[in-house]
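Enquirer: Before I ask anything, here is the structure I am working with.
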Amino acid sequence: MSLFTPAQTLENYCATGCAKAERAPLPAFLLAVLAGALIALGGAASATATYAVANPSLAKLISGLLFPFGLAIVILSGAELFTGNCLITLSVLDRKTSLGSMLRSWAIVYLGNFVGAAAVAGSYVYFGRLPADLAAAMARTASAKCSLTFPQGVVLGLWCNILVCLAVLLSLSAQDLSGRVMGAYLPVAFFIFCGFEHSVANMYYIPAGLFVGTLPQYASALEGLSLPALNWGNFFFANLLPVTLGNILGGALLSYLLFRSHLGAPAPQQSRT
């Protein structure tokens, strides 16, 4: 397996991040819709595979084995994912793009991710013929995510995106397909195992749980479940807002630490003899 050095990987991403920040709005939005849909499909696959698994640890293990392929496909397809694009901070630190360009790109990509993830959630729930137990599991998952406190959302989002951004960089450090997939795979599996919070994944998980509650065929499956936190207000303000802030902080913190460690320090002077 052929690999770039950490410094080479960061230099390569600084150029890539500049291209992402300067991408025209329509292509950026369409690639973001694709990324949101791919992440949502990874979430749908992992939820479908685990809803009947009684052991929580085993369920997390299975989810951790399946969900990372969504990010791997995002990277390999060149799609635009908000959480990964928090690494554009590297390009700003390296003065290859401006803060304004980065923020504009983030806004477009975030909106596109939401559209793609919510579209998958809606189509899966309304046209997917879900088993009743799966519908109930989706509602429970969404309710649990809406029950986080604001600090919990920020901290869980921070650690999540440190791992996601590491996954992006590890993938880009490889020069062959298997290495790129493996680089993306392990850090994402870790964040699933740890129960960290990913804003784009939650754009699928929580709307899916909310959509389930609108269909009469699932009423009996949801009967008796305590879902007081499951509503659109809590989705946006108790989960999506703090988790997004945490994702941004995690990506920015990792970018700063790596930049200062590998690119930002002055080159050592050779001693004179």
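Yeah, the Cβs are placed from backbone N, Cα and C, and that goes for glycine too.
Quick paste of what TrEMBL says about this protein:
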| type | residues | note |
| --- | --- | --- |
| TRANSMEM | 29-54 | transmembrane segment |
| TRANSMEM | 66-93 | transmembrane segment |
| TRANSMEM | 105-127 | transmembrane segment |
| TRANSMEM | 147-172 | transmembrane segment |
| TRANSMEM | 184-206 | transmembrane segment |
| TRANSMEM | 235-259 | transmembrane segment |
Enquirer: With Cβ distances under 8 Å as the criterion, find the stretch in 66-93, 105-127, 147-172, 184-206, 235-259 that has the most pairs with the transmembrane segment (29-54).
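Expert: It is 105-127 that shares the most Cβ pairs under 8 Å with the transmembrane segment (29-54).
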Enquirer: Report, as numbers and ranges, every residue of the chain located at least six residues beyond the transmembrane segment (235-259) whose Cβ falls under 8 Å of a Cβ in that stretch; write 'none' if there are none.
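Expert: For the transmembrane segment (235-259), the sequence-distant neighbours (Cβ-Cβ under 8 Å, at least 6 residues beyond its ends) are 6, 10, 82-83, 86-87, 89-90, 93-94, 110, 142, 145-162, 164-166, 169, 197-199, 202-203, 206-207, 210, 229.
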Enquirer: Which bits of the chain, at least 6 residues beyond where the transmembrane segment (66-93) starts or stops, bring a Cβ under 8 A of a Cβ in it?
Expert: 10, 13-18, 20-21, 23, 28, 31-32, 34-36, 38-43, 45-46, 49, 99, 102, 105-106, 109-110, 112-113, 160-161, 164-165, 167-169, 171-172, 177, 180-181, 184-186, 188-189, 192, 198-201, 247-248, 250-252, 254-256, 258-259, 263-264
